[in-house]
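Undergrad: Before I ask anything, let me first share the structure, which is written out below as structure tokens.
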């Protein structure tokens, strides 16, 4: 077991209590802040090399959003760490009853390649804030980012308690044989199953941030230009390699026509007449992914884009129309700059379409009519939801971010990350004396005692009057 | 189960959970509106509580009503459909639930399934949207492995050996009563029962007469004749628990009757870590005492073992209780009493490590069975506000975007 020693070392560090004091956690978190500040250029360069990520996009997703999570955590950590005192009943009125936030111990964070800094760093912030020791396994797909994290990050953090491990798929399997106290995985459902099965052997709790096909319903009553801008932005950001990107559009035949015109203009506004020359449009991360995406293009009809360049791993911002549910592009999460449009008769058909498929990470609905947006929200199930925009719901640290069904298990961002990585321990601290109060519960049992025990501990049903 | 104990655990505590849920359901179900940043100031941002769908609840035999009913309350409250699988070990309770419960609930949405171990394996091949299991760690692993195939979230309420540290500064009589109550309730068949005592040699000596007195007060001189003391659930369990008696020396009790599945309230003294009683969760009316030199040794002893469902610490000195709490890890904790922490619906109840995963009771049950869906509802217009984020990208746009999005680090002054 090549990782046994590392895991044992971190477990010993955790048992020593080193990570418990708030000052320690704050110091580590501040060091992460310095990593983001001092290594910003290196981060922007690495992600540019790995997948042609435009600097603006990298700075926004890999630096700014991470710093927000960091500041949110530092601003609130002392409050989050405090014991939460809870409501007591008659029997416990004189006691101390509270929820203690304990760390789990040694946490494993496995990150994917599409936002290679953000998707390990944001969980790491919460894991450190909650007092854990952490092993980070960055993605082996994005070699420049992986090297940056493996070589540079350990210099910022306490090496007794935090480590970065670089590992191939087989090596990760060996890593998972070890007992961790929490595993946080971001990636695809098929690997999520493998992770959870490995975790089950040790009864290790997990958070799995997975994916799926995020539907985007566009009703007939909307501002077509605005919709086109917001959907194009969400779809083509990072060349489509975003777990919460709108995966496909559902709309009427009439709306499809209007949207194509609007989307064509938007793509031009964003990237110019030849997006390949735009510095603001990314590339596909690797040859295998490029080939996979290339194969999806023969679905429906190419209405916008469709050009590719294998050497550059370039796929043009593409819109496909009249796509059928049986087409290749509708069989898997796209994870590229291709936006299929599937026509439906009306909102009910769109909702049925969504509900007959796996529950996605996010459902999008566009309508000037709030009732339509609310209906789609009400009658579907997904990790998250955004009405009249794409991606934005995950930039609010006060909203939980996570999937349901095959799109995932668990949630994070903001305080939810801290809560994910803490064990909420129910605690009662009673008085050594005052034994007379306990006498009612002891044998020999009598009806009278039972009546009094009930009176002391029962929760009554409150009246159902509503104050008008 | 003595009817007092059954009434308390299977009726009263369940009604408390029910009333607590009914009293608060409309509040729990509401969308929770959340803090917004500058960019989303004009939007609606909230957490919607959605049901998972079809939930499976697998219950054990020791509190056969309570341990399916309390999860069921939360699952229903959260809007799910539910399949309940009561334990096949307690045949009368199983039959009662299977035959009677369906008369009270909507048969379209709720069902009771009776199943053996093999049949339960077949049941688990189906895709559920949530699985709630109470039982042993070994079966917990099987459940989680089955759930992993469908990426089904789980709550596992398992068990372990709950240590009970008794410091030298305490009221011995009170400690003896509270520990005896927790240990012998339901003839010891309680997942949060104090499993073993850790104390000094001197305290062991003081505890013994106090425990003897408590047991006599509770159950009389011959507990076998007391209507207030339970029996072991089955022959297999009886034999398992009986085999643990050859550990240390029997200081109190030790009598058994196989026909009645009776094991006397028993205290074992001078038990060694290598003894049979220390190799598994006892789940019977046997209380071993393991001697340690001091609190530090007790804490090391606890930390060298799998994390239990509960840790108990008795001391007149609050600092001692707090030290044990601070330096150990467990599902829950109770200072100066046993079992009581789980009767407060405002405290989360669940394990950590091999004692479990997830939590419930009160609102925590509702939250367990709801998916917290982050929702943002923006305006169809006001597109000018979004322009900063669109390509073509410029440094100026980035600067302005940062200003509207960023969360700044607050100053470090504390108001005294």
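The backbone N, Cα and C atoms fix where each Cβ goes, and this holds for glycine too.
Copied straight from TrEMBL:
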DOMAIN    B:41-370  domain 'Aldehyde dehydrogenase'
ACT_SITE  B:157  active site
ACT_SITE  B:191  active site
Undergrad: Would you count the other CB atoms within 10 A of the CB of residue B:157 (active site), including those on all shown protein chains?
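TA: 25, counting other Cβ atoms within 10 Å of residue B:157 (active site).
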Undergrad: To the nearest Å, how far is the Cα of residue B:191 (active site) from the Cα of residue B:157 (active site)?
TA: 9
Undergrad: Does DSSP put residue B:157 (active site) in a helix, in a strand, or in coil?
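TA: Going by the DSSP assignment, residue B:157 (active site) falls within a strand, counted as strand.
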Undergrad: What count of other C-beta atoms do you get within 10 angstroms of the C-beta of residue B:191 (active site), across all chains shown?
TA: 28
Undergrad: With DSSP assignments reduced to helix, strand and coil, which class does residue B:191 (active site) get?
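TA: In three-state terms, residue B:191 (active site) counts as coil.
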